[in-house]
Each structure stands twice: as structure tokens, then as C-alpha cells.
Ligand code: GLT
Ligand code: MN
Ligand code: MN
């Protein structure tokens, strides 16, 4: 039994934009003072995190001079090395500047699309300088309000061309990035292109170098679409495409809440942690969430500690689930296996003929109870801490 205190071996990461969130929302001004990047690095290291991720402009203002940029990056690198934190993932801010109001790679304006490529190449240079190996594309502004604009098909083509270009750029520079597409159904656009994990996986197959591309699913984003996040993650794992993950929480059908991990849907969080741990996923565990607007700085660190603590508790619960004799017996009952039928279900003409002739007791199959109410209550008891 541990005391659930994280260490870098747990691979927990936060974005500069997450713990650095000042509490601004569409209706209200910030409720907290900004925190400097070196200070965030120091605090995350104290809390036991492994790394910190960033957009280009989380660190370097969009209008910084070359000398200003170099000074900021040098200070940040010093903080990383002083506190032993790494930067596993980098990304581009292609959503804040008014230039991107109608998209970046999918803007109908060729000038905006070219500027987005330029900004992303520079941001990839920065990420590589900081040691990042994963590069995320969250296309927050890649979408529409007015479909009469007629860009639905061309937008996908522009998006594809841009991703192909940037993959070639990465390879030509020897950066060795793996790219992770992060889907979201809406917000800030009314409709965002590639809205779900499934859409992104389908799109990756159309790129020139699909092996370099995977997904960065986010709990809140699939939940906003009314989908089950663990199902989306399982599909990404099955495809060998879980390159990164954004952990947080969310009530269904609302704005992007980015709540503390496990704060809303504890059972969904458990299912997810168990899936990740059982699958052997060994990438970073990134919390893309922020403290509530009600909080001061102390609340920010309570939020960060809470994300990591909840993950570690659920990881321990997953271990207990796998070791619990009653739960394992219920699982064995549910997963009725049959070696002969498994062999028969491998296609050969003979097996196909034998299977067609076989007699099944359909009524008995329909009568068989699966024991899932019992299994689910055992799971609840485990999560409640009464087992
Ligand atoms: C923004 C968004 C997140 C993305 C970040 C990466 S930025 O906060 O809401 O889901 O992961 O671009
Ligand atoms: Mn989000
Ligand atoms: Mn995210």
C-alpha cells in the first residue's frame, strides 16, 4: 500500500496552460494572477510530476523578438534542468490569434493556411529544442459556423496537405516527432472537423505517412459528444494509435469543462485507468484540466495533486480488481470460452461447412444470465472501499 504520492516514474504531466489557467471564462475576467513558466516547473517538480507540456505561446509571446525568445527559452531550460522536469509534448497555438478566427490549416484563406504552416514549423523547432518527441494537433478553430461557405471537402484536403507537409518537415529536420491528432466535436467553433477519435483514426489512413500519426484523445471531448471515453481509447489502443492522452473530467453535453481528473465520473475514470494499466500503455499521462474559477493559487496545487492522487488510487483499485477472487470468478462466468468453437471460427472451407451444420440451443443462449449486475456491484463495492 502506498500513500499515493506521485513520483516522476508515474509519468504525470501538465500543460503550462493548465495549472497556469487564470480562471478567465467567456463571461468573466481572470480570478488568479498568472504564474511564470519557471515557477510552474518548480512547483510541478515539487508535487512529483514528470513533465510539462506547452504551446509555443504559453512560453514565448507571439510578438517576442528573436532575442527575447532566446532569453525566455534559456530561462525555461534552466528551470527544467534545475528541477529535473522534461517536456515530452509540444504543440502550436493555432486558435488564440484573430488571424485564425476561421481556422488555421482549414482556413479558406491561403495566406492564413501558409502562416499556420510557418508558425507550426517554428513551434516544432522550439519543441525539438526542449526535447519533445510528441507533437499534438488540436484543431480548435478548424471548423465552421456557416456551411454555406462550401469548404467541407476542401477543408479536409487542406488539412491533409498541411499535416503531410509538417511530417516531411519533421523528418527533414531529424526531429523524429510522432504526431497526435486531438479531436473535439465543438467549441470554440460550432462544428469542428474530425470531431471524434474515430474520425481522426479514419483520417490518419489517408495521410502520406500514417505511421507517424496517432491520436491524443481527451476525456472531456468525447464526453461532450455523448460518447464513452474508454471505448474511444480502446479503439485507439487496438489500432496502435494511442500516442498521447488528455486526462480530465466532464459532464455530458456541456461546454468543455476540463475538470479535475475523476471529479465527476469516477467509474468512467476507473474503467479508463484500468484499461490504460492493463494495456501496458507507457506514454505520458497528461492532465489537460484546470482548477475551478473559484480557486486561488493554493486551489491550483490542490487541483494538480488531486488529479495525480486520483489516478494512483484508481490504479491501486485496478490492481485489487484483478486480484479479487469473487470478481475474477464473475468475470470467468461472463467470458464463457469454448476451445472447439474457437477452432471452428477460424475460416477454412471445412470449418465453414461444419459451422453451418452445427446445432445451437438458441433458447438456452437467450436464457443464460450473465451475472453483470453482481459483477458491477462488486466493482462498486471495491470503489467504495468496502471490499
Ligand atoms: C486547449 C484545448 C485542449 C488542447 C490543448 C492543446 S489547448 O486548452 O482545450 O484540449 O489539448 O492544444
Ligand atoms: Mn478540453
Ligand atoms: Mn486537450
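Including glycine, each Cβ sits where the backbone N, Cα and C put it.
It should be emphasised that the depicted structure is a prediction, and the values quoted were computed from it without experimental measurement.
Of the residues 246, 249, 256, TrEMBL puts just one in the Mg(2+) 1 site with 182, 218, 288: 246. In this structure, 256 is the one among the binding-site residues 246, 256 with the smallest number of other Cβ atoms inside 10 Å of its Cβ. Candidate recorded positions: 58, 288. Fewest other C-beta atoms within 10 angstroms, 58.
Cα-Cα distances to residue 288 (Mg(2+) 1 binding site) place 258 within 10 Å, out of the recorded positions 55, 256, 258. The recorded positions near residue 182 (Mg(2+) 1 binding site), taking a 10 angstroms Cα-Cα threshold over the set 55, 58, 221, 256, 258, are 221.
For residue 218 (Mg(2+) 1 binding site) paired with residue 258 (Mg(2+) 2 binding site), the C-alpha to C-alpha distance reads 9 Å. Of all the recorded positions in the list 55, 58, 221, the shortest Cα-Cα distance to residue 246 (Mg(2+) 1 binding site) is found for 221. Note on the domain 'Xylose isomerase-like TIM barrel' (41-302): its mean pLDDT in the predicted model is 98.
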